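Asker: Okay, so Swiss-Prot annotates it like this:
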type	residues	note
BINDING	Gly8, Arg9, Ala10, Gly11, Ser12, Gly13, Lys14, Ser15	ATP binding site
BINDING	Cys785, Cys1106, Cys1109, Cys1115	[4Fe-4S] cluster binding site
DOMAIN	1-338	domain 'UvrD-like helicase ATP-binding'
DOMAIN	276-579	domain 'UvrD-like helicase C-terminal'
Amino acid sequence: MSIRFIYGRAGSGKSLFCINQIKKLIDSDKEKKIILLVPEQYTFTTENKVLNHIGERAALNTHVLSFRTMCQKVFEECGGRVKQIIKDTGKHMLINKVLNEKIDDLSYFKKMSREQGFNNIISELITEFKKYNIDIDALRDLTDKIDDNELVEKIRELSLIYEEFNVKMHSSYIDTDDELTLLAKKLLANNIYANSEIWIDEFTTFTPQQLEIIRIISKTSVVNITLCMDKIENSDAEDITNVFSSIENTENRILKLMEENNIGYLNPINLNSKLPYRFKNSEELAHIEKYCITYPFKSYKGKNKDVRLYKANNTYDEIEKVAQDIIRLVRDRNYRFRDISVVCRNIEDYNKIISVIFNDYEIPFFMDKKIKLLNNPLIILITSAFEVLLKNWSYESVFKYLKSGLTGFNTYDIDRLENFVLEHGIKSYKWNEEEIKKLKNISIENGATEEELTIFNVMEEVRNSLISFHKLIEGKHNVRDICKALYEFLLSIKAFERIDEWIIKFEELKLEDKVKEYKQVESIVIDMLDQAVEVMGSDVVDTFEFFKILNSGFENEEIGVIPVALDQVNVGDIARIKGREVKALYIVGINDGILPAAHKDEGILSDRDRIELKEFGVVLAADGRSKAFEEQFVVYTALTIASEYLMLSYPMADFEGKSLRPSIIISRIKKILPNLVEESSLYDLSKGNDHFNKVISPIPTFNELIFALRRELEDEEIDEEYWGEVYNWFKENEDFKWKIENIFKGLRYSNTGEKVSRNKLLSLYKNDLGKLSFSVSRLEKYAECPFSYFIQYGLKAKNRKVYEFTPPDLGSFVHDILDSFTNKVKKEKIAWSDLDMIKCKNIVSELIDTKLKEDSGSILNSTNKYKYFSKRFKRVISKSVSVISEQMRRGEFEVFNNEFSFGSYNDGEAIVLELPSNEKVYLNGRIDRIDTLDLEGSTYLRIVDYKTGNKHFDLNEFYYGLQMQLLVYLDALLKNSEYILKKQALPGAVLYFRVDDPIIKTKGDITTEELEKEVLSNLKMNGLILKDAKVVKAMDRGIETDGYSLVIPAALKKDGDFKAGSEVVTEEQFNLLREYVNKKMIDLCEDMLCGDIKIQPTKDSDGSHCEFCDFSSICQFDSSIEDNKYKIIMKKSKDEIWNNIRDELNDDKKEN
């Protein structure tokens, strides 16, 4: 028989021509068998087209088929598959079996064959080999012809895998990729389509398998094939840069097939001779079709009415504009939702935001994409049950399993268990029966609550169900037994029953997509287990190997969904838009690198490999360069699919705020349509034409109403006059009535924090003895932010406890060791001058070992990671102690006491602040180290505070109440020196010492002495020192000879005066600071008890308190809200600070 080509560019009416010709055939010969062959994804829409144009009589003798459904039909009528068909999951399992058996014969692929995802790559390559009829022997013969050694290795090993796969496959099964080969054999043996009329539409190219089917059916039937291209004579030369190159190549291959098989050539039909049928109502779209791929091109001179271009700020703005425009078309131009499609090249990035916005705008839509099975709760349950075993009961795997929702435990119990597990660091061996019992017994001894005992019961239930399953799969077992154990485990925890319960709920909520997904997932899992038993039932594998196979199957499983209604906007990928009747099309995300898409992944066979194989007659799928030009055809198809209206858009920023560039398509369209105005949120043409453009559907209109009311409250001019009527409509609407009532509350909302009554605060802040007892650091926290303080110390809010070693834990640990070190030195009467690095190291090591031994449950004993930390702490503390000993050695100050507490009723009395309101506040604290110096009949005090961070004394922060600790400690000691020291004392210094083992950077080699000096300089104490040269020299004798100190922040001139930059203050200034710190503390306490809990975090040039606040999610501080303002810490000069302190103290004295 014969073949006829039907030529026509996009929109020329090829599909309509086919249907009209089919209608004529039906009218003239009602017995004629007619086949309309289209790609798989277009069968549904094509069937609708045929029924709409021809009517029900078309169903009698016209069959709309894809190559796959043709296989099914032929096998049903003629018999076919005598072997069981293997699905993708079984195929992956078979590949895995082949790789395991042939692993010793592989060298190039040996290492990568064990990688996750390699099975998928091989599966895709085998599919490609079969589609392109690649013969194993021909492939193997290439190894003697190719010079590229790497390619030779690839081909040799791929041939081995391919051959072994086919042997195993064909012994018991048939692959879906072999169906077309089997179909070809059936068609040769049975003249099922003899004297039929075959119409082939919507194909761009054909695989060799498909071409073989066309060859066979064209021997006995008339075959009509549509080609989307110009009719070009003598187009033998291949030009891949031509947009139609892939279709021209298809034409040439069919012509060659006809010549070799003596198939007749009917006169072709050329539909390009007249105005494209699709664009009969739009000159602009016809112009785009004609010139979007033509060089040189012509510019459209007419007015622009059918094409829009929108530059969006971001993807949200982009999709919201699309939604508004869809509503406009439906409302004002009588479009149906089914006439409209929204497409993009990166549908995964857009599907969620489209769903949210379209639902808000009440736009019915169908998301034309398959659902990944890997995210289904049943799959998460199965994979995590394996991961618990494979990852040794890690926190992540256990709670991934529990939070699947299918274990039978309620959310409340899971949350409480999670908190308990995090707090106690329960993972790995701690999940065993003995450890759980040990923890339970300890809790009972400590008076465990009923809630805690419930947690242990839940733990035991979780453990028992999983342990029972793990016992059956741990180690090596045959696949049949593992599958059986998994199925019985799912039954035992009633996972399938819960899935059925969810399906009922989804049906009640009319969530059709969810119903379809969950109805399929159970059968997919069981089918996968059946495939595993069928293919690998007797194979012995370990748990990890089976998990890898199972997970690989889940990764590739997708659930297809079909539209649940007829009148819906179709949303999908650009590549799947062909075959639909689309009046209005929205192409979104037209950005550089996205449309046209960039093809980067070459796979196992690179582009160079494919080109070289092609030279030896082995033709595979297109290489990257060819795919890039094929992508141009995808773009051409997208730009020409709409018949009446086209809107193009691109965002300037992605979801993370990163800037995006427009695609080259945008500049091309601008040149073709020079009168096209690029719109944006600032310049929107539709707003000028539509007075009611903000009244769309309830939710977005309600949002616009809020903006209008806000503008009115702020006395801004409102152009629209209809908001009063809109407001009344919402007020009468039952769904929005309560929201309307809350609008004004929201608009007038001042996020500042309300005042709390004094009595309430007193009850919150007083301790068990009925006293207001605070630490200085607490007052500093109030100064940082009153609201944060109230949440932490008033409402007692806490972060979830986690079993980890935090910076505060490190601080406490270091303080304890340094305290123990000082006490040991004092007790054993070791002079600081006798301490060298070795002695320091030995003492510190002994102290840390003793501490960890006494506290066997310490986190530092828990894992190798924390044991390493304890070794590091030994090094850091040893270095710090050696530096302290050197600092003591260089001066004359002596350690008087360490870890001195006041307000504990042990060492010293609390500092008592008497407030103007007559309340008393008792301040407590702990001084890390007190040093004293007796000099010329006077005693000087030096207070040292150890810090594990890089803390520096800042007079500016002191002034604002953010750094009061050192001066409060000094004041407390000086006031109580007669009691503590048995004599009056004077201020000597207040200093911070950083506990660290610094890394010293040098430009070249240095001596040990120079290195020690660098370390001393790096760990130099910082703070304030008495401006007295004798006292300063008593802190570091070296200052006299060197002129600068390696111990304190001071340096001397030759005349004995202090150099600029020395942190020295006079005794009078020390007294001013003491007086000011008392005033500041009283002011802060008074503000606190007056109920001032305003949301006012401090902010300086380095950042704000909010950056490190644990309660920012509670206060919702937002600087864009009028009343939410930072308390700015202005950077003042030292002279300005001293003047301010004096002025405030003088004012205070005047008032009193």
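The backbone N, Cα and C atoms fix where each Cβ goes, and this holds for glycine too.
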Asker: Neighbour count, 10 Å Cβ-Cβ cut-off, for Gly13 (ATP binding site): what number do you get?
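Answerer: Result for Gly13 (ATP binding site): 17 other Cβ atoms within 10 Å.
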Asker: How many other Cβ atoms are found within 10 Å of the Cβ atom of Gly8 (ATP binding site), counting all protein chains shown?
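Answerer: Other Cβ atoms found within 10 Å: 25.
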Asker: Any idea what DSSP makes of Gly13 (ATP binding site), helix, strand or coil?
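Answerer: Reduced to three states, the DSSP call for Gly13 (ATP binding site) is coil.
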Asker: Of Cys785, Cys1106, Cys1109, which binding-site residues are close to Gly8 (ATP binding site), meaning a Cα within 10 Å of its Cα?
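Answerer: The binding-site residues passing the 10 Å Cα test: none.
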Asker: Rounded to a whole angstrom, what is the C-alpha distance between Gly13 (ATP binding site) and Cys785 ([4Fe-4S] cluster binding site)?
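Answerer: Just about 71 Å between their Cα atoms.
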Asker: Determine, from DSSP, whether Cys1115 ([4Fe-4S] cluster binding site) sits in helix, strand or coil.
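Answerer: Its secondary structure by DSSP: helix.
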Asker: Could you say which of the binding-site residues Ala10, Cys1106, Cys1109 has its Cβ with the most other Cβ atoms inside 10 Å?
Answerer: Ala10
Asker: DSSP on Cys1106 ([4Fe-4S] cluster binding site), three-state: which is it?
Answerer: helix
Asker: At a 10 A cut-off on CB-CB distances, which of the binding-site residues Cys785, Cys1115 has the highest count?
Answerer: Cys785
Asker: Near Gly11 (ATP binding site), how many other Cβ atoms are within 10 Å of its Cβ?
Answerer: 24
Asker: Can you give me the Cα-Cα distance between Gly11 (ATP binding site) and Cys1109 ([4Fe-4S] cluster binding site) in Å, rounded to a whole number?
Answerer: 61
Asker: Around Arg9 (ATP binding site), how many other CB atoms lie within 10 A of its CB?
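Answerer: A 10 Å sphere around the Cβ of Arg9 (ATP binding site) contains 21 other Cβ atoms.
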Asker: From the Cα of Cys1115 ([4Fe-4S] cluster binding site) across to the Cα of Lys14 (ATP binding site), what is the distance in angstrom?
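Answerer: Between the alpha carbons of Lys14 (ATP binding site) and Cys1115 ([4Fe-4S] cluster binding site) there are 63 Å.
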Asker: Provide the number of Cβ atoms within 10 Å of the Cβ of Lys14 (ATP binding site), excluding the reference atom itself.
Answerer: 21
Asker: Using a Cβ cut-off under 8 Å and a sequence separation of 6 or more, which residues in the same chain sit near Ser12 (ATP binding site)?
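Answerer: Residues satisfying the criterion: Leu271, Asn272, Pro276, Tyr277, Arg278.
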Asker: Rounded to the nearest angstrom, how far is the Cα of Cys1106 ([4Fe-4S] cluster binding site) from the Cα of Ala10 (ATP binding site)?
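Answerer: About 58 Å separate the Cα atoms of these two residues.
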Asker: Would you mind pulling the DSSP three-state label for Cys785 ([4Fe-4S] cluster binding site)?
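Answerer: In three-state terms, Cys785 ([4Fe-4S] cluster binding site) counts as coil.
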Asker: Kindly assign Gly8 (ATP binding site) to one of the three DSSP-derived states: helix, strand or coil.
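Answerer: Reduced to three states, the DSSP call for Gly8 (ATP binding site) is coil.
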